[in-house]
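Colleague: Shown below is the structure under consideration.
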Amino acid sequence: MEAGKSRGVIEAGRYAVVKLPSEGLKIVELRSHSTVNLGKFGSFKVDGVLGYSYGQAFEIIDDRNVRPIKSLMESEPTEIDTEEEEITKDKLTELFTASSESNQNIIDIGSKIQKLSNEEIDNLKKSGASSEIGQKIIEQMIAGHEGFDKKTVFSQQKYLRRKQQKFLRRFSVEYLSSTLMLQYYIEKDLPRVLDISPETLGLLMTYGNVRPGGNYLLLDETGGVILYAMLERMIGQGTVLVLHENEHANLNVMKYSNLSEEETKLTVKTASWLLFIEPDTQRIEWQPFTQEEIDQLPPAKKTKYYRRHNRALEINDTLDLIQNGNFDGFISVSTLSMPSVLPYVLDRVGGSRAVAIYNQFKENLLETQHFLQVDKRILAPSIIESRVRPYQTIPGRMHPVMTMRGYGGYVLWGTRVFPAENIQAIGRGMSNKKKNMDRVSS
Amino acid sequence: MLFYRYKDVIEEGDIVMVYIGRQQMKLVNVTLGEVINTRYGHFEHDKMVGKKYGDQMVGAKGYGFIYLLHPTPELWTVSLPHRTQIVYTPDSSYVIQRLNIGPGSRVIEAGTGSASFTHSFARTLGDQGKLFTYEFHEVRCNEARKELERHGLLAVNTTITHRDVCQDGFEIQGEDIRGDAVFLDLPAPWTAIPHLKHVISKEMATGICCFSPCIEQVDKTVAALQEEGWTDIEMVEVMGRRWEARKDMVRDISDVVKRLKDIQARKTQGIEGRRVVKLQSETATPEPNVSYDSGNKRPASTEEDQQKQSESESKEVSPSQQPPSKFQNLGKGFNPFGKGIRVREGDESYAWTQVTKIESDVKSHTSYLTFARNIPTKKQPEENV
């Protein structure tokens with residue numbers, strides 16, 4: 001949410017993301033002198049991670065202490081502590097040099113191939129909390145795996161990777177970027193973010209021309225993930241007016257934003273649809289008391305007075321913002337029917353500003369585009385789709401991953417224009433007109 | 001400054017994105033006395049002054065029009081002169097999102113190419129950020145420099161350098177680059193990667209994206225990144241598609257049958273009719289006796305058609321004397337799908353379903369995007385924490 005160093009270095013008192021080898025994400029508050037519990041991956045003392053740069057991977061050693069490692073999958077000790085010896089991935093594979101050229105000799109007998117029982121694994125887990133235990137479990141699992149030497153080197157590595165994801169007590173501390181915020185909700189509750197993917201979020205921010213100093217109109221039904229992404233690209237400069245359909249806006253996600261309520265209020269304004277559509281009827285006639293009158297109020301009434309006073313100013317300010325219009329863009333991630341919404345919105349969007357509307361269903365945007373083709377206030381609307389396909393990224397063995405989640409949605413993008421009245425286009429109508437004129441003259 | 005902030009009214013000296021057609025836009029510098037010529041007529045710069053960005057403007061002859069749009073990196077991407085293959089918005093927006101580039105970021109871009117991505121970066125970085133862009137081709141570099149100057153980027157946050165970064169690295173004298181994001185669109189990024197360690201941040205993570213069309217390039221890039229200590233290496237592909245809203249006619253099978261029956265009926269009547277015509281040539285053929293659906297389908301013929309029909313029939317003494325042609329029955333009889341006449345898509349006399357049609361030329365492969373990051377493992381002194 002902020003520029004410069006605070007995006008770079010892990011600091012106390014902030015929300016951050018903990019990434020686990022299983023690729024699971026957890027949003028945690030880094031309170032100094034506290035401990036973060038990662039469930040089966042163990043727990044760590046916050047003080048141990050402070051001062052490193054975001055993205056740093058750690059391994060839990062004894063007594064909830066950590067040490068930095070190269071990455072979640074490579075445990076090579078980093079420059080800071082090179083003295084320590086340990087078994088690395090490659091060394092581990094070396095222990096079992098026997099491997100097969102092909103999978104010709106593999107017979108699938110399911111879990112029977114593993115001699116180590118779940119009970120034994122559980123006992124091993126209980127024997128300690130450090131990452132060495134994880135390594136030990138993996139070693140024993142390989143030893144107890146009857147068909148391990150019949151696997152190819154590639155499949156041995158894959159096996160190892162899967163077990164590492166399961167047993168190693170490693171994690172990294174990441175900056176809470178909008179991508180990770182979205183990723184967190186995608187894993188936790190995909191319908192909540194209306195199926196939007198990180199690539200589509202990026203598309204929305206770019207087509208919406210979101211940048212510092214802009215004054216945007218936003219529909220955000222994700223609880224604030226979209227707002228969070230916008231604020232990340234505005235860093236406190238400009239305003240976002242969030243329209244909501246209930247009495248109050250649901251911006252739950254902002255609790256992780258590392259911004260105080262006051263800071264948020266400077267950039268984020270909210271208005272219900274009633275306020276937006278009927279600003280005239282919603283204005284609050286407010287006569288502020290004189291200082292003298294205020295001074296005479298009993299304390300309880302004084303508080304009440306100030307609350308009402310601030311509320312009135314806030315609402316009237318928001319109404320001014322709405323009535324001034326000329327917004328620098330309309331960004332929508334909403335399930336409302338756009339043909340019903342846009343007639344109220346388009347006049348409030350400034351000339352040549354972008355309109356970027358997300359929907360998880362192409363059909364809804366199709367209807368919207370047909371609506372806009374008749375309306376004419378949006379030039380060249382298009383529906384745009386972006387899908388990112390990740391690859392297995394190993395030199396010599398590159399290929400797209402075999403399955404991926406089918407989600408992502410679509411963005412309708414167009415530009416607000418002011419069509420003139422009665423402009424004669426050059427086209428078929430034109431040549432007919434000419435023909436008619438020719439006929440008249442001949 | 002127009003790439004950083006919106007303004008409403010066009011003044012002399014401003015840049016305007018002239019919208020001629022969907023894929024046809026032209027950036028002009030509003031200069032009094034000048035004229036822009038398009039296939040839809042010519043348009044005087046003088047008349048642009050005082051208009052609002054977003055206004056539709058009529059041609060000097062009173063017909064034809066253009067739209068006067070505000071420049072944005074996205075419109076620029078559509079309109080720019082291609083010096084090289086460009087990075088399109090689905091790719092560029094993903095790179096910015098994934099590398100978490102925002103206001104205040106310090107970005108290294110090589111090469112500049114057509115400077116399409118350069119504009120997008122510059123907009124996102126704001127005045128607190130910094131963009132270092134490098135181009136090894138001298139002519140292209142000079143063109144790009146002029147363009148960035150004209151568009152106000154150099155004055156805000158962008159530095160362009162003529163340099164072969166693969167040979168000579170990224171360092172700029174008197175400049176502490178401290179890049180926290182790197183975008184390499186080079187033929188051999190693996191030769192540039194070893195130079196990066198001198199210019200990336202030593203305080204915070206640096207993200208990189210290498211943009212290469214061939215899988216062999218990715219192989220070498222991944223090896224170089226590993227060699228240089230970059231982690232979390234992942235290659236992805238971005239597939240961008242554009243769809244347009246269209247309408248497709250609903251063609252009901254029962255109408256097909258009805259039409260066939262109509263043809264049959266008229267044929268019989270025609271044979272009958274010709275016999276009558278032979279006998280009394282002055283009488284016009286009677287209208288075929290078919291009942292139509294009341295729905296929203298076009299009836300056999302409109303009044304106008306009937307008029308033309310009767311006109312032509314009165315002229316042609318006998319239809320049988322005319323050589324048969326496939327257009328002979330145009331508009332006649334039950335014609336539920338507008339066969340033989342030009343039907344405008346969405347014509348209310350017919351039934352339609354709403355459909356999406358994919359763009360005719362799909363960018364089936366732009367490039368592979370290889371991401372990685374560099375984490376400086378270093379603990380800041382306690383007092384700073």
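Numbers here mean position along the shown chain, with the first residue as 1.
A Cβ is built for glycine as well, from the same backbone N, Cα and C atoms used for every other residue.
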Colleague: For the S-adenosyl-L-methionine site that TrEMBL assigns to B:Glu135, B:Asp185, which of the candidates B:Asp164, B:Asp168, B:Asp219 is also assigned?
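Modeller: Among B:Asp164, B:Asp168, B:Asp219, only B:Asp164 appears alongside B:Glu135, B:Asp185 as S-adenosyl-L-methionine-binding in TrEMBL.
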Colleague: Can you tell me how many other Cβ atoms are located within 10 Å of the Cβ belonging to B:Asp164 (S-adenosyl-L-methionine binding site)?
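Modeller: Total other Cβ atoms inside 10 Å, all chains included: 16.
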Colleague: Determine which residues of the same chain, besides B:Glu135, B:Asp164, B:Asp185, have their CB within 8 A of the center of the CB atoms at the recorded S-adenosyl-L-methionine site, and list them by sequence.
Modeller: B:Ala110, B:Gly111, B:Thr112, B:Gly113, B:Tyr134, B:Phe136, B:His137, B:Arg163, B:Val165, B:Leu186
Colleague: Between B:Glu135, B:Asp185, which of the binding-site residues has its C-beta surrounded by the fewest other C-beta atoms within 10 Å?
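Modeller: Counting other Cβ atoms within 10 Å of each of the binding-site residues B:Glu135, B:Asp185, the minimum falls on B:Asp185.
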Colleague: Return one of helix, strand or coil for B:Glu135 (S-adenosyl-L-methionine binding site), based on DSSP.
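Modeller: Strand, per DSSP.
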